[in-house]
Amino acid sequence: MDKHRRDESPSGLSDIVEHDGLLGTGLTTRHIEAFGRKVTSTAGHLIGPTGDGNPAHYHNAMADIQRELRRPNTQRRVFALTQTTPTDLVRSKLSTSEIQSRALSSLPDDLLANIPDDSSSYSLFEGFQASQDDIEYRKAHRRRASKSKKLLKDGENRAALPSAPAELKKERDLLSRRMELMGVRKNMCSSEIHDIDNKIANLHNMRKIVLDRLAGLEMEEAELEHELTELENKLEDIQEETPETAVVGTPKSSANDESMASEDPAMDASFMSESIYQKIPSPKSLKHKSKRKRSMPILHEHFSPGSLIKEMEAHTDMVTAIDFDYPFGTMITAALDDTVRVWDLNVGRCTGFLEGHNASVRCLQIEDNIVATGSMDASVKLWDLSRARSRPRSSRINKHEDEEDAADDASQVSHSTTLEDCHVFSLDSHVGEVTALHFRGDNLISGSADKTLRQWDLVKGRCVQTLDVLWAAAQADTLNGDSTWRPSGRVPDASADFVGALQCFDAALACGTADGMVRLWDLRSGQVHRSLVGHTGPVTCLQFDDVHLVTGSMDRSIRIWDLRMGSIYDAFAYDKPVTSMKFDAKRIVAAAGESVVKVYDKADGNHWDCGAGVGADEQGPLPATVDRVCLKDGFLVEGRQDGIVGAWTC
């Protein structure tokens, strides 16, 4: 047996290695010998040429390496090393602490210099541990808690319970650690909230700066547009005066022409008539210069709803009518101080007065540069602001000199001037005060206390149709089978206007009266097409669009009607009578006897207040009651009983 074993070594081992390879790798002794020869030749090549100049220990070291590589154990270790990855090699040679130390020591100085200084008492690693997901821990903890929280019955053996203080301490330490992690997480969340608050504050400051810049741009834009409009008007005036100058200018006549003129007196009379005719001013034309708006203001769109834009001390008495053409455009106000004022909303300044009525103006409307005013003197006047010229005001209607001076001092008006040459004509067919009017295109409809509605042709300046409200209502009841006219609702209030509000569109006319009825008229036939019954008090305001008609009444309610069905679509009420109402695409605003404007959102149905009375101290003086409102494109203007006018975003 021993001899047989001795025979196997080394020739037997070499045969096995020759046949099977080393360690099952497929490498034979031939490969090993070839590798050894290559190492020897390489070492000899490196050391041989410079052997004379190098120390002798280099040669001895290379000889030792060659002898070591020829040993089978060394060869097996070398070939095993060739099959090992670098990661496994590092893991097998280095400990965890050494790996961390080498990783930190290998960082470049630039990265180490850019590490931010943090005053937090928690390290980055603690924050990372605190932000790790703990689902698995919760599951395991829940299972342990469910086992440990079972109720003990009286008959159970308490001695069988494991009393292991080590486990309890371990659980306590674990919970304490989790409490620390919760504290770290809370502080991290608090820091994030502070950072977000700082960012929001910075964004608000940036937004305010941009809003101020936008306001300045719109101011400059308005000034440029005003200058451009003045230049265009001057060019048009020059073009109109040029042909007149050509007609008036006559060539120099010769001596023969003079003798012929002296011989023919009829010709001389004709010449004098023509000369006088040229000096007679031509009647005012109804054609007016269109006021083209080249750009629309957008500043109010970036304010939060309910923000104050401007507040003006417009009048010294209660505002009775108010209207404007577009946001930051031209506003017209009328009050019981017998004045009608024109305002530039862009700067909040009064640009002049419209004088001509003999009493207070109850209703008005502005469309482009045309203004219509209805007064208690039973007249309707039409004004063209594009032809206005300013002059110092001389007097006011029904005011003494002392009262005029006091009123001028109390009113904050920059330019006390009267706008001349803007009056077009007067419509004087009514015999009672004009309480409502509306015009569109060349048609104007006016309602009066004489219980009539009149349709006016603005081109010719004359009345083309008179509608008797009582007679038309009686005729409508007769057609429905009732021979007598009876007002629906309560008896008309003596203090209410008989015609409270009206609006026209082409041949359609909606009119609200003191009997609480809303009548829809057909101007082509002059008949009532439909009557809307629902209000129990005088109708004070109305407005309609393509689908709905909204009405406000002294019965404290606002009703929204479906024009297609003739039925009530929605309704809501306030604590006091509704005196004025307007709506746009998003909201309905109303004046309901309070110091605020009542706002109703169409989309979500919410009610909220807007105006100077919002947030006012109940112990201090409250702002005056809002009596008139006007809303266009989210721009709200309200007039109060003390004469103050405020502009708000809505």
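Glycine too: its Cβ is placed from the backbone N, Cα and C atoms.
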The annotated region 'Disordered' range in Swiss-Prot, which must be one of 57-77, 288-308, 393-413: 393-413
166-206, 207-247, 453-493 - the range that Swiss-Prot marks as coiled coil: 207-247
For the repeat 'WD 2' (356-393), distant same-chain residues with Cβ under 8 A (at least six beyond the ends): 233, 288-291, 320-325, 330-332, 334-338, 340, 342, 415-428, 430-440, 444, 446, 448, 450, 456, 458, 461, 497
Top Cβ-contact partner of the repeat 'WD 1' (314-355) among 429-468, 534-573, 575-610, 617-650 (pairs under 8 Å): 617-650
Folded-back contacts onto the repeat 'WD 7' (617-650), same chain, C-beta under 8 angstroms, at least six residues removed: 300-301, 303-324, 326-328, 331, 333, 335, 337, 343, 345, 348, 411, 579-584, 586-587, 589-591, 593-597, 599, 610-611
Distant-in-sequence neighbours of the repeat 'WD 3' (429-468), which means Cβ under 8 A and at least six residues beyond its ends: 286, 359, 362-365, 367, 370, 372, 374-380, 382, 497-506, 509, 511, 521, 523, 526
Tertiary contacts of the repeat 'WD 6' (575-610) (same chain, 6+ residues out, Cβ under 8 Å): 305-306, 537, 540-543, 550-558, 616, 622-634, 636, 638, 640, 648, 650
